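Written out below as structure tokens is the structure these notes cover.
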């Protein structure tokens, strides 16, 4: 425990009164004791598993609740936030009045008043000059444990000087009974006020609301300073060469950035400033459904004492059944980043990225396994954020489902997507970085591109072999595709060659091109977006 602590007067400034005790920056050992107290009930209670990690349940909320997300619309945010009720793009940034904010704040502070509270002071962002100093206040021990795992843990010296830039008050036990009259989505809420620099949580116990809440705030603050804010993983090679991997769920972002030859900077949220790429977090929040030691040894071995499992099935003898998704498919574990051996130390940051990789899993069988992108194509495909999944595993015809998520993370964008694309490309151009589109999905044979071929493609990108390769231009999408790469099956590089009849590829390509164009239409309401249409597929 730190010597400084926090006084009841400081909590009173936030509207929290008559606190019975403040547990400030508890140690992992104290949190372990607190979470496993036999007197705890319901979702507060943690269960010790044979892995050494504690398991908790989050009730009906086993994922984020985007429909309950609000941002106060005021003089600061009016003209900067990408609002849900403006423009053609759909997003989760619903406006909230100052009046309703005050009501919600009253509900949360009333819930936390008179209680024994956990207060955890953390950093969000590994760079001292741009990081947020975030103070989390909760009455639930495991929620304090979650943020201790996921955010950067200050030293005692840093805690002595700690002045919070942002306050998160988690009132998971309280709900808003007046939601209907106020025109809100439900009794639950995740609300932000950028003038007060505060987040309020009510009704949902899901830990990820605290993690992604601060990501949304970094996504607001950093691009306005010219710093890229990215939903990506990042690693660094022995020579200091940095690569960043963007991709939606299921595209291989975590798997492909975990490489024995390279050190991990982080697995999910990063910034890119004048010094280079830096992690926002001090931990990892990994999916655990169907987790096995063989497939993902790093994550498997990170699940030990101090890790926190969410919504997994724990058997009577304390063992965890990672294959059981009966509570949710979104089972998770949070752990401090040092539970992974091969990481950048002591601070999760490195130099400028020279390789930017967009991962997509194309179930339409159209895109090549890899292509080099021009600067405009980089912005176009970044804004499109495309992936697709097969609708089912039954035999016979399966209709692929396309997903377009701006900047490979639309749910967390607080500004218009074109602002992120512009900042990213400026950062790339300043250091001569190159972007590549890597398809980890399916080809005309109906088979998924093998992990062996994909790893060889990533190796060719990272060691520069791909830049020496002769290329051809794939029609419609106008992509520069290498004719051969070391260790990669040459028969798969041109997706047209994986079809018995090339006319089949042409038909599917035209269909997918139309879907890209329809999706991109929402960006044409800004000059920056309209200028990029020509970088997309030609129908």
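Glycine residues also receive a Cβ, built from the backbone N, Cα and C atoms like all the rest.
Non-local neighbourhood of residue 206 (substrate binding site): 58, 61, 62, 63, 64, 65, 310, each in the same chain, at least six residues away, with C-beta under 8 Å from its C-beta. Taken from Swiss-Prot, the feature substrate binding site covers 64, 206, 212, 332, and the record attributes it to sequence analysis.
DSSP classifies residue 212 (substrate binding site) as helix under the three-state reduction. Positions annotated as Mn(2+) binding site by Swiss-Prot: 212, 231, 268.
Residues or ranges marked as ATP binding site by Swiss-Prot on the basis of sequence analysis: 212, 231, 247-255, 296, 332, 448-449, 454. All protein chains considered, the CB of residue 212 (substrate binding site) has 23 other CB atoms within 10 Å.
Within the same chain, residues at least 6 positions away in sequence whose Cβ sits under 8 Å from that of residue 255 (ATP binding site) are 296, 451. Here the CA atom of residue 268 (Mn(2+) binding site) lies 13 Å from the CA atom of residue 251 (ATP binding site).
For residue 231 (Mn(2+) binding site), the binding-site residues whose C-alpha atoms fall inside a 10 Å radius of its own C-alpha are 247, out of 247, 249, 449.
Between the binding-site residues 249, 251, the minimum number of other C-beta atoms within 10 Å of a residue's C-beta occurs at 249.
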